[in-house]
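Engineer: Sharing a structure, written as structure tokens. Questions coming.
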Amino acid sequence: MPVIRESLVQKLYKPGIGQELWDFANGIYPICRSISGNGVRETLGHIKQKIDLQIHEVPSGTQAFDWTIAPEWNIRDAWIKDPQGNKIIDFKKHNLHVLNYSAPINGKFQLADLKKHIFTMPDQPDLIPYRTSYYNINWGFCMSHDQLMSLPDGEYEAFIDSDHNPNGSLTYGEYFLQGESDEIFLFSAHCCHPSLANDNCSGMSVNTHLAQALTQLQGKTRYSYQFIFAPGTIGSITWLSRNEDKIKRIKNGLILSCVGDPGGPTYKRSQAGDAIVDRAVEKILRDEEAAPNIVDFWPYGYDERQYNSPAFRLNVGLLLRSRFGLFPEYHTSADNMEFLKPDALEKSYKHTLQIIDILENEYKTMNLAPHGEPNLGKRGLYGAIGGDKKAYDANLPVFWMLNQSDGQHSLLDIAQRAKLPYERIHDAAKVLSENNLLEVLND
Amino acid sequence: MPVIRESLVQKLYKPGIGQELWDFANGIYPICRSISGNGVRETLGHIKQKIDLQIHEVPSGTQAFDWTIAPEWNIRDAWIKDPQGNKIIDFKKHNLHVLNYSAPINGKFQLADLKKHIFTMPDQPDLIPYRTSYYNINWGFCMSHDQLMSLPDGEYEAFIDSDHNPNGSLTYGEYFLQGESDEIFLFSAHCCHPSLANDNCSGMSVNTHLAQALTQLQGKTRYSYQFIFAPGTIGSITWLSRNEDKIKRIKNGLILSCVGDPGGPTYKRSQAGDAIVDRAVEKILRDEEAAPNIVDFWPYGYDERQYNSPAFRLNVGLLLRSRFGLFPEYHTSADNMEFLKPDALEKSYKHTLQIIDILENEYKTMNLAPHGEPNLGKRGLYGAIGGDKKAYDANLPVFWMLNQSDGQHSLLDIAQRAKLPYERIHDAAKVLSENNLLEVLND
Amino acid sequence: MPVIRESLVQKLYKPGIGQELWDFANGIYPICRSISGNGVRETLGHIKQKIDLQIHEVPSGTQAFDWTIAPEWNIRDAWIKDPQGNKIIDFKKHNLHVLNYSAPINGKFQLADLKKHIFTMPDQPDLIPYRTSYYNINWGFCMSHDQLMSLPDGEYEAFIDSDHNPNGSLTYGEYFLQGESDEIFLFSAHCCHPSLANDNCSGMSVNTHLAQALTQLQGKTRYSYQFIFAPGTIGSITWLSRNEDKIKRIKNGLILSCVGDPGGPTYKRSQAGDAIVDRAVEKILRDEEAAPNIVDFWPYGYDERQYNSPAFRLNVGLLLRSRFGLFPEYHTSADNMEFLKPDALEKSYKHTLQIIDILENEYKTMNLAPHGEPNLGKRGLYGAIGGDKKAYDANLPVFWMLNQSDGQHSLLDIAQRAKLPYERIHDAAKVLSENNLLEVLND
């Protein structure tokens, strides 16, 4: 028989954890990640210091549904030297300077020819863009448009010491917590972007710390929890192709990405749009924040695209602060550690706990004294002097719980209808349950 | 076989009845009512002069679901005398001066001690508040905050001649009209507030006169009608506990409260929200009034809380003019007979008749010439000269009835879809029915 | 097995066809039509020059559901002469001068008596109104209010050379194109108004040219198409009464009326409101036009009243530019050929083709690589350099098609959810289908 569980936020949330979240992101920010290679391995190594991460290596050439795992990419150095032999850009100073997954090159080029391999952003001329070329092998560099414009004609030397190893592998990590039920909730963060703080380090940091916190309740949560750290697209498709049994158990999930900037919050709904995760996230964001931006699913973004594809429909939403693609720092060198804020990371972390709180307590309830209202006064649950215009506010969540507990409505249903913070409905349910006025129904 | 019935408003509504409604409220306004006692009995006596009210006495100590009927309260006198022996407040001048259901007291108190038993409203300093203490026995007085502030220190004498009789009873009245069908529509008004004009006298007056009017059609209405006059909360719970058979027959109902002030109108929906009573009230208020305020159910208010509780779900809404709790006179001495307006009472009375009209005619209809439009011209039902841009307005209700009478829609459905006043749809249905173009379906 | 069909617009739409549509309307504008008579025959003769129209004559006195076909009306001449013998109005100059279906008259009247038979519009004093008197036999004239006001007292001579022939007939035309499926889509235009350009000539012109264009695809369309040209109300009721077998095959249709003025566009939904024709028209108008006015069905207007009546419910909507009854030229002499614009006619014509395009391609689709997204890159279907903020727009329709093709959604469903132009979704479906990534399901 289920009972109203205690708040996970009360148990697991440590105010001030934002700095720890920021520090962890800062530790992995400098690493040059890609869809495969040592950068991913090094990143997962940081995570493994916090949780007992299972790390998988899947050989290049392996088939994953419609995809084939590409050769593993590694890079050691890259630069361009000007006609005078000065390094004008240097991979070691900023790894965005290299087209991610670039082929190696070592040669001399007239500026006009070199330019065909240089990517800039004319409308954000002082920033280095992030560019990739995974499925059409090319070599290239990225730099600020201002710098490109300042280059004199002449012969330049371009050097990229990288390789695509067909005997390499794709690397991803996962962590699983079995709960009382076999039903799984999925949390996933991508780990394939190089030095982009919000767009990958923030998500990995929150995902890691959330897994670490929930470990304290191992075996005592209602649901099982699956944490994934994988390269975007090919990583999640690979995970899906190797976990057919688990997939059947996943009913809901969240992608964590761009969860550390000062904007937002934003929630992109699952394809279903009204899954329990959608309702829970929307409720928490509306309870907690001034102007949450809740947007419908569209088939562009992060790995929610894969988890929500027709064969899976796992009801996975995307939690963000600013919406990806819309903040000016997105996919540029300005998405750095200064852009990341401890308090924004902390909010994201707290919200995920609050969302889990809803899920863990999502039961239908039954009023055990349903004939009219029960006499709350004799149980000390009602203000003593009646008639006061302002007295009733404190009693509202209790009255809502009593009125709506007919076996057809859950705590979240009731909180939504009552337009009251979920936390107050949860508290009322707990008090009524302790006074034998409320029963929680089995699933 | 049902037919389109004639309008109840046309049969029963007497324009100008507002003054009669006001006079009746004025007659019961001075009585000191509470959840039990002689004030309730005296009030029901007034009602019995209008309709053949059945009055019930339920002994103190009787169990009613989760509640026990409290000892009967009666009060004879109460006052406070200042250090000079002057009565500074006197129950006989205004019965709100006593905390309702107050314990007796007879003693002398320093002002500071007396103040612990005096209730005022600092934000409405010139008014006496209405306060009760039913389930936590206490003694107390209410007065204006201005008066309290003006009291000099010294020894005061407090006197309340009241008693709580464990061998007393709770009193309520009811009146029943059997119709053609066993299905019951319920009208209820509370009778437990002392001198509060809008918040109890107005509802009792409209409920009484409505019952009186419907008595003229005894046995000829479609539905049966149950009228209740009972103390709030405990009274309706007691009625519910003693009428299990009738409860099964109640499908809809209305609480009448605060139906006489110049604001509003307001309608608070039943818990179901889309019951036929909800749709009928909303239609009439939108047809008849400039800016009706239609609000969703919430579990605070009058006896709709009990009738809509999980064990009953009787689909009972609440009809008001101003919304209780929001008008400044609410639960103060300003809720007096000056605040009550004959024309507001008359509107409420007329609206209840119009609402009943909808219910009594709520049948699905069938067009008997459904292949295209029937030839209205040959029946004299259509304007003779076509092409006139303005001519069609008069025909619209007829065309809507014909188009929508496919056995799936009722008069109210059609009036809602057509966005036409219900009365015009009713008239069109009557005309078409008389011309054998329309048939009314059985339930 | 169905496939994504090619665009009808691409096959059949000839830019610049607006002038041809206007010229055709201009050719039939001068004819004096009514609900029967030679004017209708002459008009249908024009149409028969474009398509192989089947013309029916239904004898006066024939029963059609609730109606009897009236005697056939013909008119040869009509005028009023002033006291000096000058013709002040002359049917040969404007056929709106005669009350349509007027009885004959030949007599002298004092102005005051004559006025009882003269119709004007005081609020549009310079225009001749259009008035009819079909079912209440009368004689009469229409003129501008200014002219009426200028008439001196005296004896006037009124002459109408018309007759009502009980041995005549009602005339209508129809044209049918059998498609692969027996399911029929209906297009209908009324042909009973005299010299009113927008309100009847425009609809007949677009309906004729659409039928002519679709003839090129005879036997190759998915649906069968029924074109009707009939007098309003009695004509469509007559057609319905004689085509019971076809009626069962009609699932959707469109009335074309007032499709040539510079306002709008307007769409009046079918009675059902959410039939596929309603969704298709709304999508096309929203894709193509700045501010389409989409209005719910109401039982006044053109023959959609008959097709949507309870016995038929054929889901027939009404496509217009300006909404009938609301533009000032409506039912006046100002609804002339100057009011009709070639480009407005062309838009209406193109929209009907686009609407048919949706219907012909309305299949549910199945993604054949539904496990995550397929690798579009290896098929050359994806931009080569990733990370560009603006690159994704071009791919959006493809991603939407892939994500929503789960066998539950059609192309129109997907275009609506994606909020993308239908044409782009259609194109994406075609590309995916050609790449064996998409399958179209049978109905």
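The backbone N, Cα and C atoms fix where each Cβ goes, and this holds for glycine too.
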Engineer: Since TrEMBL lists B:His193, B:Asp199 for Zn(2+), which candidate among B:His56, B:His94, B:His331 does it give for that site as well?
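Structural biologist: Answer, per TrEMBL (Zn(2+) site with B:His193, B:Asp199), from B:His56, B:His94, B:His331: B:His331.
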Engineer: Over the span of the domain 'DUF2172' (B:72-162), how high is the average pLDDT in this prediction?
Structural biologist: 97
Engineer: To which of the binding-site residues B:His193, B:His331 does the lowest count of other Cβ atoms within 10 Å belong?
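Structural biologist: If we count Cβ atoms within 10 Å for the binding-site residues B:His193, B:His331, the smallest count is at B:His331.
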Engineer: Chain A proximity: which binding-site residues among B:His193, B:Asp199, B:His331 have CB distances under 8 Å? Answer 'none' if there are none.
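Structural biologist: Checking chain A against the binding-site residues, the residues within range (Cβ-Cβ under 8 Å) are B:His331.
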Engineer: Within the domain 'DUF2172' (B:72-162), count helix residues (DSSP H, G, I), strand residues (E, B) and coil residues, in that order.
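Structural biologist: Taking the domain 'DUF2172' (B:72-162) as a whole: 14 helix, 36 strand, 41 coil.
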Engineer: Quick one: give me the count of other CB atoms within 10 A of the CB of B:Asp199 (Zn(2+) binding site).
Structural biologist: 26
Engineer: Please spell out the DSSP helix, strand and coil residue counts for the domain 'UCP01524 winged helix-turn-helix' (B:366-439).
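Structural biologist: Tallying H, G and I as helix, E and B as strand, the rest coil: 38 helix, 10 strand, 26 coil.
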Engineer: Three-state secondary structure of B:Asp199 (Zn(2+) binding site) from DSSP?
Structural biologist: helix
